[in-house]
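Read the structure below first, then the notes.
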Amino acid sequence: MSEQSRCPVTGRTADSPATGSGLSNRDWWPNQLHLDMLHQHSSLVNPMGEGFRYKEEFGKLDLKEVKKDLYALMTDSQEWWPADYGHYGGLFIRMAWHSAGTYRTSDGRGGGGTGNQRFAPLNSWPDNANLDKARRLLWPIKQKYGKKISWADLMILAGNCALESMGFKTFGFGGGRVDIWEPEEDIYWGKEVEWLGNKRYSGERDLENPLAAVQMGLIYVNPEGPDGKPDPVAAGRDIRETFARMAMNDEETVALVAGGHTFGKCHGVGDPKLVGPEPEAADIEEQGLGWKSGYGIGKGDETMTSGLEGAWTPDPIHWDMGYLGMLFRYEWELTKSPAGAWQWKPKDVAEEDLAPAAHDPSKRVPTMMTTADLAMRMDPIYGPISQRYYEHPDQFADAFARAWFKLTHRDMGPHSRYLGAEVPAEELIWQDPVPALDHDLIDAEEIAELKKRLLASGLSIPELVSTAWASASTFRGSDKRGGANGARIRLAPQKDWEVNQPEQLQRVLHKLEEIRNTFNGEQSGNKQVSLADMIVLGGCAAVEEAAGKAGTGVTVPFTPGRTDALQEQTDTESFSVLEPLADGFRNYMKKKYSVSAEEMLVDRSQLLTLTAPEMTVLLGGLRVLGANFQQSPHGVFTTQPETLTNDYFVNLLDMGTEWKPLSKEQDTFEGRDRKTGEPRWTATRVDLIFGSNSRLRAIAEVYGSDDAQEKFVHDFVAAWDKVMNLDRFDLG
C-alpha cells in the first residue's frame with residue numbers, strides 16, 4: 001500500500017476502523033452489569049465548566065424580555081419552516097408537551113427537566129417528528145440569552161408563551177431545569193428494536209413497568225387507537241393507564257387532551273414513504289434536521305408529520321371551547337387521512353365549523369378527531385368529565401391551567417426549587433410540601449448532647465442506622481422526590497412498607513419521639529428539634545459509635561433544619577411508587593423479579609445519585625453495621641458486627657472461601673472454607689457481585705487492603721452524609 005494512504009500520525013490505512021469503533025464490552029457480554037449509568041453527566045462532557053451555577057445565571061435573566069421575544073417569535077413565520085395559520089403556537093405547545101410528557105411515576109425518570117429532547121433517542125422518536133424545527137426556531141432566542149436560560153427551561157417557557165399568546169391564562173412558570181450534555185444511560189425506554197414496536201405488553205394488555213407509553217417512540221398512546229385499531233373505548237383504557245403512569249388522574253387527563261388539542265393541527269397530506277430519515281440518521285449536510293419530506297415542497301400545507309391530517313377546531317390559534325364543542329355537537333364517522341391514517345370526520349358539518357387551511361386562509365377545510373380524542377366522549381369515565389367541562393368553561397380553563405403546570409413541572413421536585421418571578425405562591429400536594437422552618441436550630445453542643453441520649457436510649461446501632469437509611473434512601477434524583485425531610489417514614493404509606501419492618505420502626509420512632517419531646521420541653525425560647533432531624537441524627541450517632549468501636553474516630557456531619565410533614569400534606573397514592581421493590585443496601589427483595597438483584601441495586605444507586613465507589617463503600621458498611629432487612633446474616637462478613645470495619649471486603653475477597661449456590665435460582669449462596677469445607681458465610685447476588693464483576697472487584701480491593709480501614713470509614717461517612725442530605729435543597 002502506498003505511503004500516501006497511511007495516516008502520517010497513527011500509520012493507519014484508509015480501511016482501518018475509526019478509533020472507538022468495533023464491538024464494545026456490552027456487545028461481547030450483553031448481560032454485563034451496566035455501571036456506566038452511575039457515572040453520567042460529568043464535567044468532562046459539560047462545556048459550562050465545574051464552577052457554573054445555573055441558579056445564579058437564571059437570577060440575572062430578565063424573564064419579561066425573554067417572554068417578549070417568545071411572543072414575537074410566535075407570529076414571525078420563517079420561509080424555511082412556515083407557521084401554520086401564521087402562528088407557531090401549536091408547534092411549541094407540542095414541543096413543550098413532548099419534552100415534559102416522557103415523565104413516568106414509577107421511577108421518576110423522563111420529563112422536561114434536563115433538555116434531553118435535544119439528544120437521541122428522543123430527538124428522533126417518531127412522535128417527535130418535526131420538533132427539531134421548533135428547537136431551531138428557538139435558537140436565536142437561546143443564542144441571545146446564552147447561559148442565563150437552559151434549553152430545558154426555554155422549551156417549557158415557549159410552551160407557556162404559546163398558550164398565553166393565543167389567549168390562555170397559564171398557572172405559572174418555574175425555572176431551574178439544568179441542561180444535560182449527553183443522552184441519559186439510566187432510562188429504560190423499552191425492549192423493542194424497531195420504531196412503534198409494542199413488545200412491552202403481556203397477558204391481556206399488561207404494560208411493562210416502568211414504561212408508560214404504549215409503543216416504542218410514542219410519548220403517550222397511538223392516536224389511531226390501540227395497535228392502530230380505531231376503537232375509542234379501547235383507546236380510553238390505554239389512555240387511562242398511560243396518563244396514570246405519568247401522574248395524571250382522569251380529570252387532569254381530559255383537561256390536558258381537550259386543552260392541548262384546542263390548538264394547532266396534525267400533518268398527513270401525502271405518502272409517508274416520501275419522508276426521509278430522522279435527525280440521528282439524516283445526512284451530515286442536513287445539520288441535525290430530519291424527516292425531510294419529498295412530498296410537494298415538504299412544508300406548509302404539504303407537511304408530513306404524524307400521518308393524521310387536520311385541525312381539531314375551527315379556530316386553531318385561539319383559546320376557546322372549540323374542541324369540546326366539536327366533540328359533542330357532531331357525530332363522527334371513521335375515515336382515513338391522505339397518508340392512510342385512521343381518523344374521524346364530523347357528519348354534516350356546518351360552514352362555520354370548518355377550519356381555515358393552514359397556509360391559505362381563503363380555503364375552508366373540515367376538522368377532524370383522532371380515535372384517542374373520541375375516547376374523551378365515549379369512555380364511560382372520561383365522557384361525563386368532558387361534558388362537565390363543556391358546560392362549565394371556567395372550570396375547564398382552571399383544570400387545564402393546573403394540569404399543564406403539573407405536566408411541565410412534575411419532575412422538578414419541591415416548590416422551593418422553582419426559580420423566577422412567575423412561580424405560583426400556592427403549594428400543591430403533588431409537590432410533596434413540607435412545613436416551613438418555624439423554630440431555632442440546635443447547635444453543636446446540643447447535637448452532641450442528643451447523640452449521647454440516643455446512644456443511651458437502648459436503641460441498637462442497627463436500629464438507628466436502618467431507620468435513618470429507610471427515611472433518607474427514598475430519595476430519587478430523577479424527580480427529586482423522597483428523602484428524610486418531612487419524616488414521612490412515620491406516615492402512611494411508608495410506615496407500613498414491608499422493607500421498613502413496621503413493628504421495629506414504630507418502636508424506634510416512639511423512642512426517638514420520646515427523646516425529642518423531652519429535649520424540646522427543656523428548651524427556652526423557640527429552639528426545637530424535629531423528628532426528621534432526630535431520625536437522621538440517630539443514624540449519624542450510630543455510625544460514629546460503630547467507627548469508634550473499630551478504632552477509627554470520626555465525626556459524622558449533621559446539619560439540622562428538617563421539618564415534619566403532616567399526613568394531609570402527603571398523597572398516599574402518589575408516595576406508594578417510592579416503595580422499594582428491592583433495596584440491595586438492606587439485602588431486601590420484595591419478591592423474585594425477571595431483573596437480577598444486582599441490576600436493581602445499580603438502578604437504585606443511580607436514583608440515589610451514587611457513583612460506583614459510593615455504592616460499594618455504602619453497601620459494605622451497612623452490612624457490618626447490621627442494617628439488613630430482618631437482620632438477615634447474608635453478606636454480614638464479619639465476626640465484629642455493629643463495628644465499622646472493612647471486614648466485608650476483606651472476607652469477600654478471601655480466596656480461602658469457596659462459594660456455591662443454595663438455590664437453583666442462584667439468588668443465595670454459601671461460602672465454605674476451601675480446605676476444611678466448614679461453612680463461613682452466606683450471601684446474596686448483591687453481595688457476590690462485588691467480587692464477581694471486574695470493575696466492582698477493583699473498587700472492593702481498594703477497601704479490602706490492609707491499609708484501607710481509615711479510608712473506608714471516611715469514604716463511608718462521606719457517602720452516608722450525601723444520602724442523608726439528598727433532599728436538603730435549602731443547603732444549596
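Using N, Cα and C of the backbone, Cβ positions are placed for all residues, glycine too.
Annotated by Swiss-Prot as region 'Disordered', the relevant range among 1-23, 47-69, 507-529 is 1-23. On a Cα basis, His261 (heme b binding site) lies 13 Å away from His98 (active site, proton acceptor). Around the Cβ of His261 (heme b binding site), 26 further Cβ atoms fall within 10 Å across all displayed protein chains.
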